[in-house]
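**Q** If you scroll down you'll find the structure; I have some questions about it.
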Amino acid sequence: MRGVAPKIAGVAPLFMLFMAGAISAFEDIERLRIWPLPAEVSRGGRRMYLSDDFKLASEYGDPSGILKEGFDRMLGVVRLSHVVGNSSGSGGSALLQGLHVIISSSNDELEYGGDESYKLVVASREKPSYAQLEAKSVYGALHGLQTFSQLCHFNMKKKVIEILMTPWNITDQPRFSYRGLMIDTSRHYLPLPAIKNVIDSMTYAKLNVLHWHIVDTQSFPLEIPSYPKLWNGAYSSAQRYTFEDAADIVNYARRRGIHVLAEIDVPGHALSWGKGYPALWPSKNCQEPLDVSNNFTFKVIDGILSDFSKIFKFKFVHLGGDEVNTTCWSTTPRIAQWLKKHRMSEAKAYQYFVLQAQKIALSHGYEIINWEETFNNFGSKLSPKTVVHNWLGTGVVERVTAAGFRCIVSNQDKWYLDHIDTPWQDFYANEPLQNIKDKKQQSLVLGGEVCMWGEHIDASDIQQTIWPRAAAAAERLWTPYAKLAKNPDKVTARLAHFRCLLDQRGVAAAPLVGGGRVVPLDPGSCLAQ
């Protein structure tokens, strides 16, 4: 199937004088080996080492333990690459004792559009034996921890963790508020550890929305307490998610700064619903789309979204609405009679269904995301709280934003990960604001999402199909437009380094050479593949 952020203020002039040198030329930027590229970076030429007991120092209350967990995870991945020795002989003045974290907001609710900015200084002028990380929110601090982790390298001679080119000064924030990755658990079931591994890998590239395409034509793996027979549509009793499993995934993601966007794709892509409730089918022999004439259909949708509202706390819910073949409605006599009674064509019935589903979602406090067919067919009728999810054609984003709707970009020719012939360069070059000059229209583009449709992936190959191409899109969504490479090949070395870093961290990222899910062509360094 299927906003430009405000400009970041420059580094304070006095501190700029303190830094050994600012990175300005593009070729120097590419030597930084940070992905995605921060908004502003300056650095020096000194080497420092992490002490054995490198510690977190913060006055932040950390009521939920999110900062402490994030710090521990950061240290864990930094120490993954090799067995670390004793740093006591690495030079006292060059020893970094810890990281001082300053967070100005005590609110640790994960809110869409919240402040994700951070400032990272290694080492601090005030406390030279400490790095300093400042953020408005704990989730901005988590991004800063990810960047700090990429500054750390293993010194093979001393067998300690070092940071080169200190002092560092990094000021950073995302370009777009919505930076998504979609997974599909209907075409193939993904075990909980596989989903959690995907979430962990998303944090490394600063993606912040996991779009969970939970159910589809093939299977309905999620428990819905209001309608417990729905998961009769699962592939097997073992290939299911309990309601508590889903809540656990949401909490796991939240503690890492990632929203979970739940999707039910209606009225099409829903054949599996009828395995437990056959009344949802137009007929036994014509099973999709869901029966528009039956009030029970909308009661089930209401029950699902009511249950969703208890665990999926993201402000949006995705209602699909794409690829709807309405033939079963007109060829099923009782539905055809209902259409005639209500003076509806198949097209009008499609509109009626989508708008009814939207009303139900709104009643549960959600704003709505729909695939672009809904806009293409009856855009002016959609709720003003609709976000249109582009996936089909070019020019859609301009039309959507010109009509005053918000938009998310996932055009299939560039950002569909299951299109394994699409190289990473195309992912990098795909610009969400292409041909949109009007500032108001630009502000309506929330961001974008790479889509990992599940027809040909499962837990065995999902990561190497996602990475490193998703990282190319992640930089497009994070880094200021002016800092992005006009020619993607210019960032090859830096992306290759990030791909090697993912592999070191246990993420099965494929080589850059070729499209998705490729294997190394020959023996050699991961940096050259």
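Placement of Cβ uses the backbone N, Cα and C atoms for every residue, glycine included.
The model shown is predicted, which means the values in this text are computed figures rather than measured ones.
Quick paste of what TrEMBL says about this protein:
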ACT_SITE  GLU323  active site, proton donor
DOMAIN    34-151  domain 'Beta-hexosaminidase eukaryotic type N-terminal'
DOMAIN    176-480  domain 'Glycoside hydrolase family 20 catalytic'
SIGNAL    1-25  signal peptide
**Q** For the domain 'Beta-hexosaminidase eukaryotic type N-terminal' (34-151), jot down how many residues DSSP puts in helix, in strand and in coil.
**A** 33 helix, 37 strand, 48 coil
**Q** Restricting to the domain 'Beta-hexosaminidase eukaryotic type N-terminal' (34-151), report the mean pLDDT as a whole number.
**A** 93
**Q** Take the Cβ of GLU323 (active site, proton donor) and count every other Cβ within 10 Å, whichever protein chain it belongs to.
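**A** Result for GLU323 (active site, proton donor): 15 other Cβ atoms within 10 Å.
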